[in-house]
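Student: What follows is a single structure, and I will ask about it in a moment.
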């Protein structure tokens, strides 16, 4: 053919063979066009489809984010129940993964369920988060209340609980006023302390006798002593944080009593209930500890009166295992907003059955099994003879009255200041 020089293989100069693959040759012009498109980033229908899919995903993500931002963000309260065993308290320690807290699991569930953005989990102030009571290591709760701002997504409780372990449950949710703060608006808190009744057996009795049963006479004496705490007193001897002249050491106790005992797994237990405006760290455990020491015969009843004075009294601190935050109270808030037609009263009457079921399933069995395995009450009772209730705490400390470190693990409550 004129104007076309044959190649060594006898092919026209404008065509290039596909080396050994038997495919049809690509015209030079088509090859140049293909190279041009490749340099420009065009890779045929597959590339177009991939880009379209990516754009669709971005659009959907943008729409989801936009839709989430359009959801109402409202101040609410959550009713929480949890077993505190294995946790270093309620309050989150941001930046510390060494000590796991209840709030670590809660915040993670809030983020994963889509109730709050991730940055709110990193800085809890952004969602105005506040807990009603700061329960410490090992302490459980059946009626903890936290306030925060969230997106009110559909099926919010179910979604949050789906990301929580079974021993932490959100049992209720209610809308509250925009400026509501669960700690500041709380009028009072009710705690219960569950303990084996052999703790009240006289010191001459075997301190580990699981067959011991609390008599009506001893129960009456226990309640007479617990009633001495009622009213306003200077509780500086029931915490390590306050001096006798600090106004914040004065606390108001509305009620304190021991309920009728009951038997679980062959061991008799009793529950002490105490309702107060607020409590200092270790206050309840020391209140229980001193009554136990008196009933067992280690301390005279007169030591209670001395505790209200300025002198420092050596008050024993009962183990933290049996302490449970039972309920928090919002009487003043309920009077003002509970029946205004916009907000519900914070009484949780509808959730009572769920609260009881949680205690029976997760809190009480844990206390009982742990007491059986670790015998924290029996070990603590063996330290009571080391206390000198006629001496000051400083003098007693010089006699080596500090309990073994293994009993120091479960701290009490710290609702104050």
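Including glycine, each Cβ sits where the backbone N, Cα and C put it.
Sequence annotations record features per position, and here TrEMBL assigns region 'Disordered' to 1-48. Residues annotated as active site, nucleophile in TrEMBL: 136. The substrate binding site annotation in TrEMBL covers 191. Residues annotated as domain 'Pseudouridine synthase I TruA alpha/beta' in TrEMBL: 229-331.
Are these features on the surface or tucked inside, and what touches them?
Tutor: Residue 136 (active site, nucleophile): 22 other CB atoms within 10 A of its CB, across all protein chains.
Residue 191 (substrate binding site) is surrounded by 28 other CB atoms, counting those within 10 A of its CB over all protein chains shown.
Mapped onto DSSP helix, strand and coil, the domain 'Pseudouridine synthase I TruA alpha/beta' (229-331) counts 27 helix, 34 strand, 42 coil.
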